[in-house]
């Protein structure tokens, strides 16, 4: 458990952790490239390590260290055992597609209790359109998933754009193996597009080209066939999702902090956290590779479309508690199918602290109360809730006890140490 007490001031310079999204994609691309790749500044978090270990089961040789991962990619081989991806939905979804391209046999992919509840059917349906056999062992669209090796036999695949961008990323990373050019056609408006921009960016660095396309008012992507992944040296940038908690702490508390390793021109959608706090009234200084914050600021409630930024919702919910007026979060139906139902969880748990939150079908309405009280909070094994609730606890009267703090190892392994280094009054017990 994490014990959080009111924190009068924070100050210091700290690095944002490396990007989880970039690390996942880069290690998988490197494993598919014949030759030696070097990933510098990777995220040594549980989810990304799941991707690395899974790639080893498909034949890659990977040397892991804190500063870099050295990866010798090879032709895909059939795993000798069941591929257990732990709690990483990204790993499960990308490798479900990729595993269809082993030369022979079957792949079985599974994960922990949480992963075995995450929806997979849209991806399985898409693979079926491509002529790939895959199925849920429970016949309910969840892991364990069985995938049979096979050639891609159809050139067009249709998939919803409003479920999970990870399904589309999986197709983007699999279709270059096709002997023919392919198209992905989105049948509904796209959500979380920045994550697909990250996928396209990483693929490009490894020699694979994806072209955005629109036909008959439907967005989609074109992928050339017979493409080959090429090894490279790749530097992982800092993670704006994880930096959002540092930004929130900076604008809400008496602060003087510099957050390094976050880039002004990043393709990450969650860089929007900077614009959000600015619109709420914070005078944040954004430089080429860092953010400087001297708080606190008097924030005002605003309306925020979270179509492309679902991971920022817990952070926004906490900011809204201390803003004047109402903060409205909308277009967030997909936030319900993350590690947990984050809309319901934020409503229930922050209400225990005295927050005024109304849960809507696609979002939240938060009325600023300016003052929260310490409480015992559940986090449902969700790393983003742990970190967002920690910031709330640092401003609350009394003591806040947060369960499940171990989940931060997924995306921000040294979160507690870094927060303590700038003066946060938190302890693990």
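Any Cβ shown, glycine's included, is placed from N, Cα and C.
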**Request:** Select one of 228, 271, 384: the residue that Swiss-Prot places in the phosphoenolpyruvate site alongside 20, 89, 118, 166, 342.
**Result:** 384
**Message:** Checking the contact step here: among the recorded positions 25, 192, 311, 338, which have a Cα within 10 Å of the Cα of residue 118 (phosphoenolpyruvate binding site)?
**Reply:** 338
**Request:** Calculate the distance in Å between the alpha carbons (Cα) of residue 166 (phosphoenolpyruvate binding site) and residue 25 (3-phosphoshikimate binding site), and round it to a whole number.
**Result:** 11
